[in-house]
Amino acid sequence: MSEKLIIIVGPTAVGKSALGIKVAKKINGEIISGDSMQVYKYMDIGTAKVLPEEREGVPHHLIDILEPFQKYSVALFQKEARRLIKEINERGKIPIIVGGTGLYIRSVIDPYDFTDFSFDPVFRGKLEQAAKEKGSSYLHQMLEKIDPVAAQKIHSNDLRRIIRALEVYEHTGKPISYYWERGKQSKPQYRLLYYGLTMDRALLYQRINERVDKMIEKGLIAEVKRLLQMGFKESTAMQALGYKEIVQYLEGKITLDEAIYLIKRDTRRFAKRQLTWFRRDPRIKWFDSGKESLEKITEKIITEAGVNNFL
């Protein structure tokens, strides 16, 4: 394929969304959100969603497409993102994936195989019950025994993906990492320009702390209250960082100060994991948004796009 694609990745709060808009305006681009939580309606503040009035006329895709009770997966993202890349190229514009969900983005440019297995609801129920009784770390230990490669890549708290991996093994007799590897054998699909934003850790952590404070000021607590009133307490989306802590506060289990502390701490940890993931990919060209302005970085990307006949 000769379809063009620009990707901008990096940890949370590093400036990806603002850079994506600046680049898109210069090159007649459209943005595809590479964030696993911004797909959900009504969850604006806690996901740091770019709101319509902030998009400066740049089309954004895969934002506000699902109700919070609906399931989203890397396989669905892969399918929709590839469809959008094709359509945007056909319109003579350039798709720009902007986000920090590493596996989602890799699934688009590295042809991961997400074979649509049908699963045994009884087996899934047993796994879910075991997780309730013994915690997700117990299932993660099970995964380590049958598929250490997947266990290393899937976080011990990511219950949905742990269960998925155990189901694949139960159903096929092969570890899910086998299907990941099988899907990566094909040649690259796109003409790719791949960029990452980073900055000094102390500065990034300061920005994360300030962002969380702003989320509280903007009304994160009221946003979570509305979601609870709409009946979404048990939805997977409400387990997202920034939401589950406020739910605990509203239920009287922790104080507001404790909730804010946990959100800041866990967001910093999340940013560290994001950087670790992306730094493993040698295709990414890195910019330091703590040392260079987004305008300067935009100019460099536009220059490189011109050299590579993207414009």
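Cβ coordinates come from backbone N, Cα and C, glycine included.
From the options 35-38, 115-118, 291-294, the stretch Swiss-Prot describes as region 'Interaction with substrate tRNA' is 35-38. When secondary structure is read from DSSP and collapsed to three states, VAL14 (ATP binding site) falls in the coil class. A straight line from the CA of PRO11 (ATP binding site) to the CA of ARG124 (site 'Interaction with substrate tRNA') spans 33 Å. Excluding THR12, ALA13, VAL14, GLY15, LYS16, SER17 themselves, the residues of that chain whose CB lies within 8 A of the CB mean position for the substrate site are, in sequence, GLY10, PRO11, ALA18, ALA48, GLY100, LEU197, SER289. When the binding-site residues ALA13, VAL14 are scored by other C-beta atoms within 10 Å, VAL14 scores highest.
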